[in-house]
Amino acid sequence: MSKSLIVALDFPGKKEVEQFLQHFEGEELFVKVGMELFYKEGPAIITYLKEKGHKIFLDLKLHDIPNTVKSAMRSLASLDVDMVNVHAAGGSSMMKAALEGLEEGKQEGKERPICIAVTQLTSTSEVMMKKEIGIEKTLEEAVAHYAKLTKESGLDGVVCSTLEVPKLREVCGDEFVTVTPGIRLASDDVNDQVRVATPKRARELGSSYIVVGRSITKAENPLEAYQTVKQQWEGVTV
């Protein structure tokens, strides 16, 4: 199965995760563990998923003073997760501190986790950004600014909308990692996300990784839905 397709385990606890993963016995997935699940189950959920052979994107979006983020990342790296993130709005010093913590905390003989930054949440519209957050740039300009700052700080890439990927390729180059949530099958509701795209569109726009949640986790047949997303993402004709 594709390692560039990340399945969001947006469940309230381990019981629901176990029920979901029964559909994928023997398969190694790349999964995302977010705040809800991690805060409920703690590091034990990471250990459980690793024992099952899955890769893990631990999506906690750290945003604090540099020393606190450094210490937190040192702890997270010791869990042997594969990807972590911070908010780019925390600034360059904070992002550099995150990398230092990951290097110090990584397990012996292992590479440090991929570290990416959130530019703007996919629930953020330009009106919201200007009116409520107080950023006067256009949404595209703000995302590009944060992405450039992220690259200059030494991080591997950003979380962004698929619609922003082409511009970020221009600004940050082809090797810069773009992780894009807000992915839905064409038949699904968009729910609370504003900037969404299909797996096919994400591929066409050049995303490095896509994160898919409800289209798979809420499907009547999760494995079948996963395969459909995977085929669209990889451009496989069936």
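Glycine residues also receive a Cβ, built from the backbone N, Cα and C atoms like all the rest.
Residues or ranges marked as substrate binding site by Swiss-Prot on the basis of sequence analysis: Asp10, Lys32, 59-68, Thr122, Arg184, Gln193, 213-214. The annotation active site, proton donor is assigned in Swiss-Prot to Lys61 on the grounds of sequence analysis.
The number of other Cβ atoms within 10 Å of the Cβ belonging to Lys61 (active site, proton donor), over all protein chains shown, comes to 15. Using a 10 Å radius centred on the Cβ of Leu60 (substrate binding site) and all shown protein chains, the other Cβ atoms total 17. A strand conformation is recorded for the residue listed as 'active site, proton donor' in the three-state DSSP classification. The DSSP secondary structure for Pro66 (substrate binding site) is helix. The local packing around Pro66 (substrate binding site), expressed as other Cβ atoms within 10 Å of its Cβ over all shown chains, amounts to 18. Sequence-distant contacts of Gly213 (substrate binding site), defined as residues of its own chain at least six apart whose C-beta falls under 8 angstroms from its C-beta, comprise Val7, Ala8, Asp10, Lys32, Pro181. Calculated from their C-alpha atoms, the gap between Lys61 (active site, proton donor) and Thr122 (substrate binding site) amounts to 13 Å. Fewest Cβ neighbours within 10 Å among the binding-site residues Asp10, Thr122: that distinction goes to Asp10. All protein chains considered, the CB of His63 (substrate binding site) has 17 other CB atoms within 10 Å.
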